[in-house]
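Chemist: Sharing a structure, written as structure tokens. Questions coming.
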Amino acid sequence: MSEKLPHVSDGPALSDGGPELKFVQRVGSSSDEGDSTPIDEDDVARLRASLTREQEKKLVRRIDWHLLPLLSVLYMVKTIDAINVSNARVMDRGTPRNILTELHMTSNQYNFVTLAYYIPYILAETPSNLAIKYFKPSVWQARITISWGIVLCCHAAVTNAGGLYVVRAFLGLFEAGLWPGMLVHMCYWYRPDEIAPRIVLVTILGNFSAVVSGALAFGFNGVYARGLSGWKWLILTEGVFTILLGIVVYFFQTVPSTVTWMTDKEKAFVQARLPPNSPRAAEKNFDFGELVATLKDIRLWLFLLCWAFFTVGTTGLAFYQPTVIANLGFTSIAQAQLLNIPPAIFAMLLTLLFGIFADTGRIPQPSIPLGFMVVILACYGVLYSFPSSGAVYAATVIAGGFSTAWYTMMWPWRVQTTDGATGSAFAIAFANSYGQIGGAVGSQLFNSRFAPRYTTSFGIAMGFIGMAIVMNVITWRVTGRVDSETRRLKRSRIAAAKRGEALLDDVDIHAKGNVARV
């Protein structure tokens, strides 16, 4: 703490008309001494200036390489499971080894598979994410991963519909908290304006899961070995891999203050660069005041409604896409499985493209998911009118791709409006869990009585997407100032780095006012 405080100055006037910002000249230091808990404004200024621009870039790149690969694999494995239960429905179709035939289930009974999963998932998601405050992220995420891998393996013992409902319910219970926990984990390391490209990178590999799942379903289709049908081998294989992955996660270094691959000065710098509202791993105590404030925040409920309406309108298509494709006349099971791969590839490219645009700080973050929903609504119009099998398949590819990318573009918007460790953990989990109520309801839209064209299903889904668009517009209006200030500071931070300076200002998410002049 003996270093002299660098000179703090006002920045140049900005053409966007925003308030004047403060900068500090970066001085760097050869010393590795540091304190990971800056206590006042002078400490923050000193620590933000303690690394040069090149040193900061190298440090952030090192953080990326340590965190993102494993988080990406975790997200991919989680997504594969959600897709596999859809693929299993059309595997070995028309044979005694099909999951519906083997478990003596009707199509409508299979609808309740998602309901059995989502009910415990919704109830356990928020408590699970709050628990991450008391455990290292690696410990809690390893618990989640290993336990859900064990439940996946238990699918091999299922012999009837009741057994399938039970294992899916336990899967939802044990899997709850993984994704929101990963988001809170990233908030320990990255500023709000840095979150978007990291979420994009993680979810791109998650989107690749549809390619992997489709290929696995194609490979296990027709398999019967050791008394197990192909759909059981499909889920059992994933379960074994998930358990092994959970063991790796347990030994993963995840907390900035305890990692061995950073110096003390770098640890202090990582903490000082975060805005005051960011959650920190050191905040172990449960803050009831933050919880109450979050519950009173209208943004919590607006984002919840955005998620709920959107998931009602899109989850059914995602769950039933393999079945819809098969019912379009692609009777070959192999052909139907392989036709599930293009939507995943399209979603990956879409996510990457708009992730790059969002990272420039020039495009309002809320405008991207809003535009996606307009495209989805148009595609649903095609699905509703059913002009031809080719047009319907193209519409499912486009709608599926934009639907998947919607979540990736929404999360940076949600994360940048959270506050504190307790508040952030609660708000993120609350949106992800109770927003999934739409997933439980949406799967019921594609009832077998609406087959094969599902005209009624798509008509209802269009209505919910329309309501989601309205909610996104309202939420944008309420959170517009925070988004515009986040983008403004991101552009200023980039400009300051080129001048060898560090920006001292942060977004105040509690400030009055609405849309900033950006």
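Quick reminder: no glycine exception, Cβ is built from N, Cα and C everywhere.
Sharing the record's features from TrEMBL:
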type	residues	note
REGION	1-41	region 'Disordered'
COMPBIAS	32-41	compositional bias 'Acidic residues'
TRANSMEM	164-187	transmembrane segment
TRANSMEM	199-221	transmembrane segment
TRANSMEM	233-252	transmembrane segment
TRANSMEM	300-320	transmembrane segment
TRANSMEM	340-358	transmembrane segment
TRANSMEM	370-386	transmembrane segment
TRANSMEM	392-413	transmembrane segment
TRANSMEM	458-478	transmembrane segment
Chemist: Can you work out which residues elsewhere in the same chain, 6+ from the ends of the transmembrane segment (392-413), have a Cβ less than 8 Å from its Cβ atoms?
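Modeler: For the transmembrane segment (392-413), the list is 183, 192, 195-196, 199-200, 203, 207, 306-307, 310, 314, 317-318, 321, 324-325, 328, 339, 342-344, 346-347, 349-351, 354-355, 358, 365-366, 368-369, 372-373, 375-376, 379-380, 382-383, 386, 479, 483.
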Chemist: What residues elsewhere in the chain lie close to the transmembrane segment (164-187), defined as a C-beta under 8 angstroms and at least 6 residues from its ends?
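Modeler: Residues 67, 71, 74-75, 78, 81, 85, 103, 105, 112-114, 116-125, 127-129, 131-132, 137, 140-141, 144-145, 147-148, 151-152, 154-155, 158, 195, 198-199, 202, 254, 278-279, 411, 415, 418, 421, 424-425, 428-429, 432-433 contact the transmembrane segment (164-187) from elsewhere in the chain.
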Chemist: Quick one: do the transmembrane segment (340-358) and the transmembrane segment (199-221) have at least 3 Cβ pairs under 8 Å, skipping pairs fewer than 6 apart in sequence?
Modeler: yes
Chemist: Using a Cβ distance cut-off of under 8 Å, indicate which of 199-221, 300-320, 370-386 has the most pairs with the transmembrane segment (458-478).
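Modeler: The stretch I would name here is 300-320.
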